[in-house]
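Student: Right, I'll just put the structure down here and ask away after.
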Amino acid sequence: MAKTRDYSTLLEAWSGWRNAVGPPSKQLFSRMIEINNLGVQSAGFHDTSEIWKNELGISNLENIVDDLYATIQPLYVQLHAFVRGRLSAIDKTGVVHSDRPLPAHVLGNMWAQNWEPILPQLLPTAALSGGEDATQVLRRRYSSFNQLVVVAQDFFLSLGFQPLPPTFWSRSQFVRPNDGRKPVCHGSATDFYSQEDVRLLMCGKINEDDFYTLHHEMGHLYYFLTYSHQPFLFRSGASSAFHEAIGDTIIYAAMATKHRHRLGFVSTGNKTNPKDLDIINLLRQALVKIPILPFSLALEKWRWGVMAGQIKPNQYNQAWWNLKLKYQGIVPPIERSEKDFDPASKFHIISNTPYIRYFLSSVLQVQIFQALCEASGQGPRFGKPLNQCDIYGSIEAGNRLREMMSLGSSHPWNVALKVLTHEENPKIDAQPLMDYYQPLHEWLVIENRRLNYTIGFD
């Protein structure tokens, strides 16, 4: 889905996966919902969605996420309009239309939650030439994936963290084993609950995606280590959303333009206007970070509705696509019916894993990044754009982060957020995210107006 732009091939992959996993899973999924609800009802809850919402410790969670998304939606709508306009302008097959919702298979991802693979279709080659190919830079500089692990660790060392323990290096799996074993290769960090036994599992390759995945997973590892002094019951994040947010906060920091220069990802001799480079970098980030917000909201609202009995089994697929259209502005590329069960194409649906944490994490990570920037004397409070902040080497930012991490789950999430932001009554706030992407948002508005692209998908 990420590598080819041939729409017929993409359609075959998109429909083939859903046809293979959906219909066989529908009845099993419905039965799982019934059993889960019976279990939580015996504990006094109406349905499973109630206990899932309670886990995050946020009153009126659904209203909160609606309000957060209302702040973010104007940015997503402009990004959607630009992507649709560009794709329709270059499409010779009649698949993408400038004034209709986007077909779900053309966005470079099986679930339309990460659009970064289509960046070359959105900007002319000349615009993208100001930056080095990060994967090629990494492959020129490093001969083994272990060296990338060292580079990722260096970011944390620059913030004042200690080196990872020797057992991390001896017990982790960094690359796919060549002894015939077939491990799960999804990148993951694990805490073995001794003082210094944390491990990483990856089948890593020397490329940009895995390089940033390393930064994310190391966020988990250092979170584990920093709260390892806590009693066992408190050895977890302030909430599941916090644990996910820490790793991606570090990705925001590692993707700062200054740090990309430091890594050699921006050519020192390029003549591209720095403001244009910033827009390209922000667009690249936005294609990764922004679509997951409406995606995760649509997914979890569908599942909450199923758990609460508001969406019946004979309505599963239609309700799924209604929410996809409402929040993401996408439609299935071929006709679907209730014989299909397209939600099953997403691992977190079948594995019964809560997903709203990823929505909250996507908001929190920029809020945390802003707090670390302010600790280092940068950011809007100091008259500097948030996207220009570079916290590499800031012991002050590291101290602020470690102070929050050390709490584990011994205090509610709002106390952890207070430690970071130094606000008296902090709340999860989408404004830092909007501030970070403000230059891109303004550019998108101007470009969409200049090119007369249709806005919205109602």
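Heads up, the Cβ atoms here are built off N, Cα and C, so glycines get one too.
Caution: TrEMBL annotation is automatic and unverified by curators.
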Student: His216, His220 show up in TrEMBL as binding Zn(2+) 2; which entry in Glu196, Glu244, Glu300 does that record put in the same site?
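Tutor: My reading of TrEMBL gives Glu244 as the candidate in that site.
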Student: Once His216, His220, Glu244 are set aside, which residues in the chain still have Cβ within 8 Å of the Cβ centroid of the Zn(2+) 2 site?
Tutor: Ala189, Glu217, Gly219, His243, Ala245, Ile246, Gly247, Asp248
Student: Nearest to His348 (active site, proton donor 1) by Cα, among His216, Glu244, Cys373, Cys389 (recorded positions)?
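Tutor: Its closest listed neighbour, by Cα, is Glu244.
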Student: Taking just the CA atoms, what is the gap between Cys373 (disulfide bond) and His220 (Zn(2+) 1 binding site) in Å?
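Tutor: The Cα atom of Cys373 (disulfide bond) is 20 Å away from the Cα atom of His220 (Zn(2+) 1 binding site).
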Student: Out of Cys185, Cys203, Arg357, Cys389, point to the one nearest His220 (Zn(2+) 1 binding site) in space (Cα versus Cα); all of them are recorded positions in the record.
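Tutor: Closest candidate to His220 (Zn(2+) 1 binding site), judged by Cα separation, is Arg357.
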Student: Work out how many Å separate Glu217 (active site, proton acceptor 2) and Glu244 (Zn(2+) 1 binding site) at their Cα atoms, rounded off.
Tutor: 9
